[in-house]
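*Asks:* Straight from TrEMBL, here's the annotation block:
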type	residues	note
BINDING	62, 85, 86, 87, 88, 150, 183	substrate binding site
BINDING	233, 379, 405, 406, 407, 408	ATP binding site
């Protein structure tokens with residue numbers, strides 16, 4: 001659907017029906033894997049950081065989530081061959097993105113989980129004779145992690161020849177890569193075209209819990225969008241615009257909308273990459289959404305008093321922001337006060353206190369809330385308050401709440417107990433795509 005500046009709001013019942021598209025997965029529990037060599041597609045796209053001269057995992061939540069699947073496979077006397085990609089090495093070997101630290105940490109987790117030594121070996125490649133020879137000599141219950149599949153440029157373009165080469169490493173695919181399920185990639189979808197396959201326990205849990213959320217959406221439905229980049233969210237925002245009642249934006253995404261509003265944003269991060277070659281850029285995309293009005297029904301659901309000082313639009317941008325000046329001091333500025341929010345050398349790095357209050361108020365009046373992407377630069381405590389306030393508002397809310405994505409979870413964990421959130425998803429992009437009503441390629445290939 002083409003997005004215009006005019007409001008195109010569907011009736012509530014029509015919007016609810018949009019979510020009735022869930023598939024039935026082929027499940028690991030219903031699949032014969034006993035004694036087989038399993039090509040295990042992991043969700044281990046985990047950021048690595050240097051500590052004491054070695055690379056370590058910044059967060060092991062995705063790895064911990066896969067322990068039930070791996071334990072199940074070990075109990076079934078499988079050989080386990082792990083596929084993973086890390087970062088964006090652009091088809092070249094990057095020493096900072098090798099899978100060795102992942103394997104080391106997984107070995108430690110399995111020791112804690114199973115109370116016995118289960119070493120995870122590593123290889124310096126993911127395809128080739130050396131790999132297939134090593135796997136052929138493995139014994140039942142052994143695990144090997146192959147090298148970063150993105151060291152091969154063919155992976156990102158879903159090259160079928162490369163997918164076939166990967167499939168020489170196993171008899172069946174067990175897929176736990178739900179955070180990557182929205183990607184067309186040789187190691188994500190390509191392998192599913194050439195081997196029998198099923199969804200792992202973690203994949204099933206993520207998909208079923210998100211499906212439950214979508215099948216029980218109540219309005220008003222509020223989506224909070226943050227993070228640095230808008231490029232991987234444009235299609236989801238566009239598709240969601242007729243299902244969601246209101247968007248609250250922050251982070252680098254908000255900078256795009258502020259610029260679309262005609263505000264000078266100084267040296268703030270903004271992703272100025274064309275949406276498609278020869279077509280509009282991100283700022284132009286944001287401009288098409290800015291003036292879309294809420295319907296009378298939506299305004300009534302949130303409460304007329306909410307909009308006494310704020311325009312009743314679908315996309316709410318920050319009313320004020322926290323800025324790091326060129327002198328490294330922090331100031332707050334209201335958006336309405338000045339065209340030049342930030343000058344060269346200044347960076348917008350968080351939403352301001354007025355916006356915190358308004359966003360929290362919106363959340364308190366919502367019945368379904370979904371959040372993907374931090375609202376500020378959470379690595380710096382001076383710019384984490386916006387994300388913390390949203391997390392706290394969600395924890396207090398009586399709504400059906402969901403938080404998706406590693407960075408978002410990290411921000412929330414610093415402020416609240418995640419037990420107060422209805423669903424916590426480790427899959428940011430895939431969850432957003434599913435929420436938008438898009439079919440996930442890996443889900444389609446894993447469905448009966």
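Count begins at 1; order follows the chain as displayed.
Note: Cβ is positioned from N, Cα and C throughout, glycine not excepted.
All TrEMBL annotations are machine predictions without curation.
Help me understand the surroundings of these features in the structure.
*Replies:* DSSP gives residue 183 (substrate binding site) a coil state; it is part of no helix or strand. Taking Cβ-Cβ distances under 8 Å and a sequence gap of 6 or more within the same chain, the neighbours of residue 183 (substrate binding site) are 189, 441, 442.
In the three-state DSSP reading, residue 379 (ATP binding site) counts as coil.
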*Asks:* Among all the protein chains here, how many other CB atoms are within 10 A of the CB of residue 406 (ATP binding site)?
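*Replies:* Around residue 406 (ATP binding site), other Cβ atoms within 10 Å: 19.
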*Asks:* Pop the Cα-Cα gap between residue 379 (ATP binding site) and residue 86 (substrate binding site) into the table, whole Å please.
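*Replies:* If we compare the Cα positions of residue 86 (substrate binding site) and residue 379 (ATP binding site), the gap is 21 Å.
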*Asks:* What subset of the binding-site residues 62, 88, 150 lies within 10 angstroms of residue 406 (ATP binding site) at the C-alpha level?
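*Replies:* Those close enough are 62.
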*Asks:* Which state, by DSSP, holds residue 406 (ATP binding site): helix, strand or coil?
*Replies:* helix
